[in-house]
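> Below is the structure I would like to discuss, written out as structure tokens.
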Amino acid sequence: MRNFALGALMLGAMALPAAADYTIMAPANPGGGWDQTARTMQEVMQAEGISPTVQVVNVPGAGGTIGLAQFASQNAGNPDALIVGGYVMVGAILTNASPVTLADVTPIARLTGEYEAIVVPASSPIQTIEDLVAALKADPGAVSWGGGSAGGTDHIAVGLIAKAAGVDPTKINYIAFSGGGEALAAILGAQVTAGVSSLGEFQAQVEAGTLRLLAVSSAERIPGVEAPTLKEAGLDVVLQNWRMVAAAPGLSDEQKAKVSADIEKLVKSKGWQDQLAQKGWADTYLSGPEFDAQLQADIAATAAVLKDIGLVK
Amino acid sequence: MNGDDLRFQRRPDRAALVIALILAGLGGVLLFDAARLADVGGGYSGVGPASAPRVVGIGLVLLAIWTAVEAVLGKFPARPRQDPVPLFWIVGGLAFQLVTLKIAGFSIATGVMFAFTARAFGKRNLAFSIPVGIAASFLVWLVFAQLLMLSLPAGPLEHLFFPGVK
Amino acid sequence: MSSFDFLMQGLGAALDPMLLLYALIGVTLGTMVGVLPGIGPALTVALLLPVTYGLDPAGSLIMFAGIYYGGMYGGSTTSILLNTPGESASIVTALEGNKMARRGRGGPALATAAIGSFVAGLIATLLLAFLAPHVVKLALVFGPRDYFALMVLAFVTVSAAFGDSTLRGLTSLFVGLALACIGIDQLTGQARLAWGVPDLLDGIEVTTLAVAMFAVGEALAIAGNHAGTDDEVIAVKGSVWMNRSDWKRSWVPWLRGTFIGFPIGSMPAGGADIASFLSYSTERKLAKSPGKEEFGHGAIEGVAGPEAANNAAAAGTLVPLLTLGLPTTATAAIMLAGFQQFGLQPGPLLFATNPGLVWSLIASLLIANLMLLVLNLPLIGLWVKLLSIPRPWLYAGILMFATLGTIGANPSAFELGLLLVFGIMGYAMRLFGYPIAPVVVGLILGPMAEQQLRRALSISQGDWTTLFQSGVSATLLALSAIALLLPLVLRAIGRGKALSQFGGDED
């Protein structure tokens, strides 16, 4: 397609392109994680010949719930429609009391995931996660946490940490920033005490020594990352910010199987694996009944945390 | 701005009074919504989600009073005389596009809007301008939806040339 | 090798004719899509990024840089000629630029925008190349309270520069602020003024409001005024090119705009729109005759400064991106994705670990910037001809592209409905002499000011004196106070005589 676009423009000619196949909705603005996931899928599906032409549609808003609602209502039974979503959407559905939930679409598979990391600026007197927890216990208000939007994965992580440390989660001083970039700048500038975001956002800074990595939210230590898990530090918190792909509601079993097969082909392709390595995304592919069960567990756990933080009544 | 408007200058300006009412209403809506959120605290900042709407709401109410005073004093500038018919054509065209976009597709919905707008500016022959509009819109659709992969809704016309396009 | 050697090497490599062709294609595509009202540089780059995938790294990098600059520049063309800003950073360009176009001076307006963008892009890219590691240290000093103070300064200076009536200017601003309250409150997750409508949860999109109020409102106002004879657009009067006086009046604003735009763009929460606002009010304050009298009626300084600021800010956003790996705008986030395909991991070590790629990127940006000028200067004559299209077709076309931009950015009936409603509002506001720009300014600055204030207070645990405890914020707040009070003091002392010398707003 791109060669076509170029060729046509250079020659000034217009030919008839092939029909579009999959349409992937990214329920967010261009540039975010879901948009990048959708556009990477687009590129790989086209390059690997899974689908000749893939279109990406951005429907931004409200943690993906606007896109989700539009997707569910307009695509019932359409086997060519896909939507990208993730853990943030689970939280947003709850905080916004969205009438459309993930039960109204056909979740296909979890694709990628990132763990959360707790950092402090290099200049901070706080050396370990234990120091941070001690400070939090002494005066929760004095520990300001910089992270993404209210009710998002980062906020949930702080709530879980407070709860695990025996601190009232409603007392945390969480400062929501728009987007990872602004939060990272505030952390680097030591405007806040500590920062929470996905590990990838911090990794380059940690390597450069401008941020100190205190802990990660994985179940086990991540190879190549020199930081304890929260569990090791005695905080029973495991959290993954995952991204998934779902199909339209009302698909027949054959249709669902075909989409699942296409996604599996995508995930197993070399092109996809190369992209993951390049972007630093972990392959957390999970599909079928295992994924459905995991999704239900995540939804239940998130609902509980959001209640504890006081974002959902 | 023509001369005979000067005669009205000392009279209360009715339209400006309506503006004052609208502003007061808008301010009221903000204050009403702020009241609903009043019990949500701002955490450690002490400034909750209700504070900004409250400040803006009060500001709007004060501006409404100021507007009403100027209206009574007749201080508003004179307005150029308006011809409502072209306005209806443009608004109608946009509304038509809005309603039919999903069903008729980009080219037809936008083409009709195009022709209605041209009608508002004096091109009365819709039998000519509607086809022109649809053709132009289809060309635009070709370039942006097909070449540049912008997602624009397709309808019967688009399907005629590109079966299978969504 | 020194930085300079690296840059020369990069430039030398980029002078290959094939690469120049890629740069030209990139600039053309970027301008084409960027010209659409409602489609800003972020979406332009996102849409066109796949075009670069098939090329080798050097070619794809240079085409990418072209798309970026083309997308940035595209918005100013429609702002000037059609009073339809394509994105928030070109709103002030529309203020003076369109007035110039109406007086038959669309050519010089476009030329000063193009050359100003080039000059700013050139200087800012060089600043990026040689000063980035130092600039970023300064940018990180800015915390929420300093940003809040910056917003206050932007509010004070910008609102002083709009309109001839304090009442109507303030009213417009407050309408914008009221619209800004709609949506989820970012700090608590609470929905405000959404009345259960999911489409309102994310608030009012700035581009939708701007396109509606400027493009649709303008079309309605001109159609409604059908009987009247005013506002007749003159395609060209005099030369399409800038004359001696235009040059003389433009070059200082270009430089000032660059030095306002670059630092603000490199701040993680700055942005090209704020830079363009500040540049506009600076030019308005500093303008000498004849510019002083022309402000509000098409002063070339008011196009030259903001356009330069806007482009310099765009180059400025690359500072945190390349030095920290910090994507501070949506455009930057997409660029980050773009860089990753070249195996370039932006971050603090980038300049040390991957100098070759960084310098070829910077060289590509310089070449693309030059290409933009080469492409656009000859096209100005053609662009200006747009205005000689008969009005029915011109306005039908404007609305076609305005709706195309809105549909393409977010294909929902709700967004089109907003476009119509705000269009009618824009028409009504024009009818009653309300300025349009403050509404958009309020919508942009309002949420930023509110959020930064609340963040600052949250960090200080509710202590308001925190606002004066940082040197940066105390200075900025003091400047705002001077900007607000000086005209009043002068009025009191000089009984209005001194005021006119400062170009303030008299009502």
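Positions of Cβ are set from backbone N, Cα and C atoms, glycine also.
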> Look up transmembrane segment in TrEMBL and report which of C:169-187, C:188-206 it refers to.
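Going through C:169-187, C:188-206 one by one, TrEMBL flags C:169-187 as transmembrane segment.
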> Cβ pairs under 8 Å only, please: of the recorded stretches C:61-82, C:416-445, C:466-490, which one is richest in them relative to the transmembrane segment (C:357-380)?
C:61-82
> Determine whether the transmembrane segment (C:416-445) and the transmembrane segment (C:466-490) share at least three Cβ pairs under 8 Å, counting only pairs 6 or more apart in sequence.
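No, these stretches are not in contact.
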> Determine which residues of the chain contact the transmembrane segment (C:169-187) at the Cβ level, with the cut-off under 8 Å and only residues 6 or more beyond its ends counted.
159, 162-163, 193-194, 200-204, 209, 429, 434-443, 446-447, 450-451, 454-455, 458, 505
> Let me spell it out: take the transmembrane segment (C:109-135), skip the flanking residues so only those 6+ beyond its ends count, and list any with a Cβ under 8 Å from a Cβ in it.
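Same-chain contacts beyond the flanks: 3, 7, 69, 72-73, 76-77, 80-81, 93, 96-97, 100-101, 240-242, 246, 250-251, 253-255, 257-258, 261-263, 265-266, 298, 300, 303-305, 307-312, 314-316, 318-319, 322-323, 351, 359, 362, 365-366, 369-370, 372-373, 376-377, 380, 383-384.
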